[in-house]
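S.K.: Copied straight from Swiss-Prot:
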- 28-414: domain 'Helicase ATP-binding' (DOMAIN)
- GLY41, ALA42, THR43, GLY44, THR45, GLY46, LYS47, SER48: ATP binding site (BINDING)
- 94-117: motif 'Beta-hairpin' (MOTIF)
- 432-598: domain 'Helicase C-terminal' (DOMAIN)
- 609-629: region 'Disordered' (REGION)
- 653-688: domain 'UVR' (DOMAIN)
Amino acid sequence: MRVGGRFEVISPHEPAGDQPAAIDELQRRILAGERDVVLLGATGTGKSATTAWLIERLQRPTLVMAPNKTLAAQLANELRGMLPHNAVEYFVSYYDYYQPEAYIAQTDTYIEKDSSINDDVERLRHSATSSLLSRRDVVVVASVSCIYGLGTPQSYLDRSVELAVSNEVPRDGLLRLLVDVQYTRNDLSFTRGSFRVRGDTVEIIPSYEELAVRIEFFGDEIEALYYLHPLTGEVIRQVDSLRIFPATHYVAGPERMAQAISAIEEELAERLAEFERQGKLLEAQRLRMRTNYDIEMMRQVGFCSGIENYSRHIDGRGPGTPPATLLDYFPEDFLLVIDESHVTVPQIGGMYEGDMSRKRNLVEYGFRLPSACDNRPLTWEEFADRIGQTVYLSATPGPYELSQSGGEFVEQVIRPTGLVDPKVVVKPTKGQIDDLIGEIRKRANADQRVLVTTLTKKMAEDLTDYLLEMGIRVRYLHSEVDTLRRVELLRQLRLGDYDVLVGINLLREGLDLPEVSLVAILDADKEGFLRSARSLIQTIGRAARNVSGEVHMYADTITDSMTEAIDETERRRAKQIAYNNANGIDPQPLRKKIADILDQVYREADDTDTVQVGGSGRNVSRGRRAQSEPVRSVSVGVFEGRDTAGMPRAELADLIKDLTAQMMAAASDLQFELAARFRDEIADLKKELRGMDAAGLK
């Protein structure tokens, strides 16, 4: 039963610029029953704020899809700021590292599934599903992870434990219920997903909460329910009732599990018979051993590693039927908002086949039952069947969105701040690097930042090396930098730790960098994906948040894509300038707080334990840097600027040797936790060393 709550925007600002007209028109179209609506919103016009005001008008649960974790985190924080009294949740993949199970037949190589789960993100995923099943005023900001299989909402709800003061619940019966839904008893280490018992008091940290729950019994009657701080035990608030949701999304009752095991055994027998008929005895033995082990684990503890591969049987679905996903947790009238739709829509459509090609190999060679193929992302057709009314947000809507809306769109190109689209200057390629260096120095002297986008990784590396030699504080952003490191890198750019960021295809959608006053596009006349009109407009938008923003395109000819991008930018400039003149607006620079956009989403515990490195007295800290520590962070995954904080390659290599010796010594002394910490530091430093080698840095 979902509790009704009203969406309420709390903001010091009122809709301005194009926002009032856009909100009115979006509301009108949705209330008129239009299934697909496109909002063409230029960079910096406040599309996120428009989304929040639209949600307030419509009063409907909303799923906001973003193309990656970084933009999803940015959106979630913006919406949380505007909807502070409502549930704004964050749902992305909870893997920090993920190596999927695979089999390479050509080399007879089996790759076991290996992953590292981010505990905070897993909690946020559970928080999203529990909120969706218990209230209506919910906005979930999600990546494409929301189309992957999840346990069914009915099982998740049915297996939840409802508690209320004065209810008769035997204490031991409650403990058994908690164990059945994968909570573990641990009276020593009190962590998320565990519970502890002290006489007539049971304390639980639910899988979706930061706070603990205390249940006080008087005999078999619940006497009181509290939320408390798990570390200090301080009572935060007392409640009359609450519901404890399972610790995993894959839960089933004893009857359902017994039926699932029976169905798995039946499928196993059929598949073994098929393998034996074909003379594939190795595959048959492989499948028999693995599946029987998993069945035994499910019988004994109700769970096994890789249980998601049996989700079809656990859910009671037929062969080929789609799995339950986050979409199934929403009520029927939910609104879908797809941010950066020109990227997100193709992404949704491409997930199924990539997943399926890997699983077919596992099934064919006896590593998995055929039903494992039904643990998969939705196809585009299945996704389209599950969604209702959709708002597509983009500065450059794609062909699919425009075809769905009949070519019509709602336009939002005027910025309330009065900021004008950047001036686009086309320059010849002859002497382009010298010209670029001159422009960089001019911006650096004015405490402004520069983005440079190239076509190839090699060119980006060479340019970074050259700029370093010229004494410019520069770093290079590439595809191997993981999401959280990328966020830290962008934050350092804003803080002024360096002046120039060189990239390839990473400086586009959604990057919010008000300090950037120049975007340089090298080889702008090379037609292709990275220099299409849509890509150029997105790249130009990175300079649209600065009063003196400019875009320099280095090219010898002006292509059709360049013409289209420049004309569209000029059209938007003219419209904004006319609005500013009519309303007496003097464009003001954006003053956005420089903070890690993931701070509110990832509440990582600060690990300020230090590791002494050799005799140099240098302290290297894992996790976030303590306030008192030097600025240098270990292995940010990019090339460090060659300033005094940077470490030469030879010194870095010596440091790795030093740490390796200390790791071995710690292991010999049976100090395994310390040794593990050394091991992690060494892995980070080796990654940085490889990066330096790739860049040719000494």
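Each Cβ is built from the backbone N, Cα and C atoms, and glycine gets one as well.
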S.K.: For the motif 'Beta-hairpin' (94-117), give the DSSP counts of helix residues, strand residues and coil residues.
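M.R.: Breakdown, helix to coil: 3 helix, 15 strand, 6 coil.
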S.K.: So which residues does the motif 'Beta-hairpin' (94-117) touch in its own chain, when a touch means Cβ under 8 Å and the partner is 6 or more beyond its ends?
M.R.: 125, 306, 358, 361-362, 364-365, 367-368, 482
S.K.: So, three-state DSSP: helix, strand or coil for GLY41 (ATP binding site)?
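M.R.: Strand, per DSSP.
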S.K.: Would you find the one among the binding-site residues THR43, THR45, LYS47, SER48 whose Cβ has the most company, meaning other Cβ atoms within 10 Å?
M.R.: THR45
S.K.: Once GLY41, ALA42, THR43, GLY44, THR45, GLY46, LYS47, SER48 are set aside, which residues in the chain still have Cβ within 8 Å of the Cβ centroid of the ATP site?
M.R.: THR50, ALA395, GLN412, ARG415
S.K.: Determine, from DSSP, whether GLY46 (ATP binding site) sits in helix, strand or coil.
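M.R.: In three-state terms, GLY46 (ATP binding site) counts as coil.
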S.K.: I want to check the contact list for GLY41 (ATP binding site): same chain, sequence separation of six or more, C-beta distance under 8 angstroms. What comes out?
M.R.: ALA22, LYS47, THR50, LEU393, SER394, ALA395, GLN412, VAL413
S.K.: Around the Cβ of GLY44 (ATP binding site), how many other Cβ atoms lie within 10 Å? Please give the count over every shown protein chain.
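M.R.: Step by step: centre on the Cβ of GLY44 (ATP binding site), count other Cβ atoms within 10 Å, giving 22.
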S.K.: What count of other C-beta atoms do you get within 10 angstroms of the C-beta of GLY46 (ATP binding site), across all chains shown?
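M.R.: That number is 24.
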